[in-house]
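A short write-up of the structure that comes next.
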Amino acid sequence: HVERRSHTVVLILHLAAADLVVLITLPLWMYSLAHSWVFGEACCKAMVFMINACMYSSVFLITLMSVERFIVVRYPFASAVWKRKQALNIVLLALWTLAFLFSIPIIPTQVVGENLGEMHCVFRSYTSMTQELVCVLLETVMGYILPFSILVVCNGCLCSRITKMNFRSKHKSTILITSVVVAFAICWTPYHVGNILSVITLAMGNTFADAAEKLESVRSTMAFIAGAMVFISSTINPVLYMFAARSFRNSLRDTGIQKLFRHISSTSPGEGTREVSFVSRRQSNQTNNSQYAVESNDQINIFVVCRGEYSSIPATSL
């Protein structure tokens, strides 16, 4: 439990760091939009590259935390691998590496352009329609569709499992888990709807020129609103996930860890013949023919007792 909690804290700290980098650039964006971009194209490319990388990492971290909670509740004994510090470091390194790799297309395409007589760092220039299509689809699929699908599945299964348990903070936990999915959808959907409109506009080409022009006008109008929603996401993410993580830990504490695992065991398909018993040091003398206790200093050891096999399997110490 302590190991899992520390891993959750590490993930939240990485999320907060990624969102903080995005928010640091906010005053610069506000000034440049109100006046003009005066920092040159190289600075424009570097800043947008960092923002994109941090936004990718933020989305990946949100997805990873949902997967972690799902594994801890749905497959508690299999989650022992995740508790290894080395495993977490490898996953985080891969996550940040992917975030920077997916942001590379920003470097050649982001440019400073003129609008109403003023220069702004909000334009992208593509050498071909294929390049634009690949960049937009990569951003939407890897930065929204795939993570959001994983988010919905993991949190849906988590809510389903929690509703079958009996503890006081069940309703609060369900609301917080739902709010995670809703906040992600509200903050990121407008931005990627704009990307989808760009793809549709490209597909129309010259065949439906009038319709394509209207769609492009709609996309341009909603671009600033969508960008603002992305910055709002960076503002609420650390706070929301800190509350969600605290609620998740309290859920385990309120119900008693033994009740949680007993519910998990009894509701898992194909595992109806298993009992989960929790033997503490004080209870180590109260054994019977089918249960064997192993003493552990100031810890609780978990044993899965299989009826009819007269064997005990020690689980991960909490």
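Numbering starts at 1 and runs along the chain as it is shown here.
Just so you know, glycine gets a Cβ as well, placed from its N, Cα and C.
Annotated in TrEMBL:
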DOMAIN    1-241  domain 'G-protein coupled receptors family 1 profile'
TRANSMEM  12-34  transmembrane segment
TRANSMEM  46-67  transmembrane segment
TRANSMEM  87-107  transmembrane segment
TRANSMEM  141-163  transmembrane segment
TRANSMEM  175-203  transmembrane segment
TRANSMEM  223-244  transmembrane segment
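Highest Cβ pair count under 8 Å relative to the transmembrane segment (46-67), across stretches 12-34, 87-107, 175-203: 87-107.
For the domain 'G-protein coupled receptors family 1 profile' (1-241), the predicted model reports an average pLDDT of 84.
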